[in-house]
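Shown next, in structure tokens, is the structure this report addresses.
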Amino acid sequence: MQSIRPIATAGARRALPNAHSRAASLVPRITGTLPRRVAFSSATRLRALASPVDIPKWLKENSHLLKPPVNNYCVWNESMTVMIVGGPNERTDYHINETPEWFYQYKGRMLLKVVDKDHNPPFRDIYINEGEMFLLPPNTPHNPVRFADTVGIVLEQHRPKESVDRLRWYCQNCKEQVHEKSFHCTNLGTQIKEAVNAFKEDTEARKCKNCGTLCDVAPKKA
């Protein structure tokens, strides 16, 4: 019987070019370091997410924080300033902000007094009722009048470094400007309150240069 000898293929395998290596040799070599791919699930959070705010519960536990003259409390003050505001307040100043402000009435209605240069007369009253919202354009002098047993929410942008906030008082008699306080706003909850209280104590600043009337520091009761 004829025996069949196995064919030696080891040398042949070494001699034959590998298909993968041959294809790879045809691809141009890329130099430099490729950016490391980061899986979405492994990305680090910038900060922990806060829990939702239960507004009725918050008001029940923190209503004492909504005191005159400004009556507001900053709930968040990071990329946006979010404030809960109560009433009644005791302000006669007109705030001028270089960024927009968003108003929402959670309970009751409020009155937003504004100075609108495109309106005749420029002094206007805008009522924001319960459940309504209003976007105030930047650089609009405004005096928020809040009544007893009302609650609103106000959103404001963080101020650019070069921005300037102003509080302006107008004479209740002749409507001329009486006084203005300018500042770069970093803490709305405290800075407005400090400026309002300082104006109350400064009789000279409250005197109208046009007609001599002493500017009111609290809204007159109807």
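Glycine residues also receive a Cβ, built from the backbone N, Cα and C atoms like all the rest.
Arg91 (O2 binding site) carries neither a helix nor a strand DSSP state and counts as coil. Residues or ranges marked as O2 binding site by TrEMBL: Arg91.
Here His142 (Fe cation binding site) comes close to Tyr94, His95, Ile96, Glu101, Leu112, Lys113, Val114, Val115, Leu136: these same-chain residues lie at least six apart in sequence, with C-beta atoms under 8 angstroms from its C-beta. According to TrEMBL, the Fe cation binding site annotation covers His95, Glu101, His142.
According to TrEMBL, the substrate binding site annotation covers Glu101, Arg146, Glu156. A strand conformation is recorded for Arg146 (substrate binding site) in the three-state DSSP classification.
Taken residue by residue with DSSP, Cys171 (divalent metal cation binding site) is part of neither helix nor strand, so it is coil. According to TrEMBL, the feature divalent metal cation binding site maps to Cys171, Cys174, Cys208, Cys211.
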Next on the checklist: Considering each pair of residues in Glu101, Arg146, Glu156, all listed as binding substrate, report the largest CA to CA distance in Å, no decimals.
Outcome noted: 18
Checklist entry - Can you list, in sequence order, the residues of the same chain other than Cys171, Cys174, Cys208, Cys211 whose CB lies within 8 Å of the CB centroid of the divalent metal cation site? => result Gln172, Asn173, Lys175, Glu176, Val178, Lys209, Asn210, Gly212, Thr213
Item to check | Three-class DSSP secondary structure - Glu101 (Fe cation binding site) | outcome: strand
Next on the checklist: Under a three-state reading of DSSP, tell me whether Glu156 (substrate binding site) is helix, strand or coil.
Outcome noted: strand
Checklist entry - Relative to the Cα of Arg146 (substrate binding site), which of the binding-site residues Arg91, Cys171, Cys174, Cys211 has the closest Cα? => result Arg91
